[in-house]
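What Swiss-Prot says about this one:
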BINDING   Gly9, Asp10, Thr11, Gly12, Arg13, Met14, Gly78, Thr79, Thr80, Cys104, Ala105, Asn106, Thr107  NAD(+) binding site
BINDING   Arg37  NADP(+) binding site
ACT_SITE  His137  active site, proton donor/acceptor
BINDING   His138, Gly147, Thr148  (S)-2,3,4,5-tetrahydrodipicolinate binding site
ACT_SITE  Lys141  active site, proton donor
Amino acid sequence: MKKSIGLVGDTGRMGVLLTQALLCRPHCFLGKGFSRRSQTSLEEVVTENDILVDFSSPEVTSLLLDFLLKTPRPVIIGTTGFTNDSGVKTKLSALSEYVPVVVCANTSLGAYVQKRLAAFAAKLFSTSYDVRILETHHRAKADAISGTAISLAEAIRSAKAESYEEEPEPFIEMHGSRLGNVCGEHEVSFVGEDERFVIRHEVFSRRVFSGGVLLILEKIMGEGLPKGYYTSDVLYESLFQEKVFG
């Protein structure tokens, strides 16, 4: 049976791309969506769809989770920029007790590969190397340091802690720029006295993000993800294992 997919933020950049992509999918169909200007309520979108995909705003995501906790549905959260006191993380954790919850700051394969390489490099370069993360996005993006950049920093810190068997206190320099209509650029640099090692990922089209969402949807619908909290890395990790070691 075809699954109904509800888009929250269906008139935004990602929402429009996903709408176009979902119209061509054989195993699902586009259900009622929600935007700030839509006549459909958020509660309707939750109750009348099988799976929710959210690319909206932190405020709307928080409200969406309130409804999902009453009527649990599998959900993919692509919204970023949550504050620590917003309560969203607590709601996501609670919802994951009932259904699969996939939280993804960046759904592109390239972003996953960059993170893997950055973590690997962090294990090899000593703490004498300075680490810098630069990110650039379009001027309308709300969060000043992107979720992807934060995720990169977390991966580097985790790798160094594992490598040196204790939690280090390295300073990771982070910079964010908001320029024009840039889809997304992330650069990680390891800088020593005599060399600089750079890992750079640049997105030319948001289609790469919608393609990642479709892969996650296929995993939810095809394999029947069990309830739990996931990131897009989980999907790409299985792909990585298959391609490299399979």
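Glycine residues also receive a Cβ, built from the backbone N, Cα and C atoms like all the rest.
Annotated features taken from Swiss-Prot, shown on the structure.
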{"residue": "Gly9", "record": "NAD(+) binding site", "Cβ contacts under 8 Å, 6 or more apart": "Gly15, Phe34, Ser35, Asp54, Phe55, Ser56, Ser57, Val60, Thr79"}
{"residue": "Thr11", "record": "NAD(+) binding site", "Cβ contacts under 8 Å, 6 or more apart": "Ser35, Arg37, Ser38"}
{"residue": "Arg13", "record": "NAD(+) binding site", "Cβ contacts under 8 Å, 6 or more apart": "Arg206"}
{"residue": "Gly78", "record": "NAD(+) binding site", "Cβ contacts under 8 Å, 6 or more apart": "Met14, Val53, Asp54, Phe55, Cys104, Ala105, Thr107, Phe209, Val213"}
{"residue": "Thr80", "record": "NAD(+) binding site", "Cβ contacts under 8 Å, 6 or more apart": "Ala105, Asp143, Ser146, Gly147"}
{"residue": "His138", "record": "(S)-2,3,4,5-tetrahydrodipicolinate binding site", "Cβ contacts under 8 Å, 6 or more apart": "Arg178, Leu179, Gly180, Asn181, Val182, Cys183"}
{"residue": "Lys141", "record": "active site, proton donor", "Cβ contacts under 8 Å, 6 or more apart": "Arg178"}
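Within 8 Å of the centroid of the Cβ atoms of His138, Gly147, Thr148, where the record puts (S)-2,3,4,5-tetrahydrodipicolinate, the same chain has further Cβ atoms from Thr80, Ala105, Asn106, Glu135, His137, Lys141, Asp143, Ser146, Ala149, Gly184. Spacing of Thr148 ((S)-2,3,4,5-tetrahydrodipicolinate binding site) relative to His137 (active site, proton donor/acceptor) is 11 Å (Cα to Cα, whole number). Secondary structure from DSSP puts Gly78 (NAD(+) binding site) in coil. The local packing around His137 (active site, proton donor/acceptor), expressed as other Cβ atoms within 10 Å of its Cβ over all shown chains, amounts to 24. In the three-state DSSP assignment, the secondary structure recorded for His137 (active site, proton donor/acceptor) is strand.
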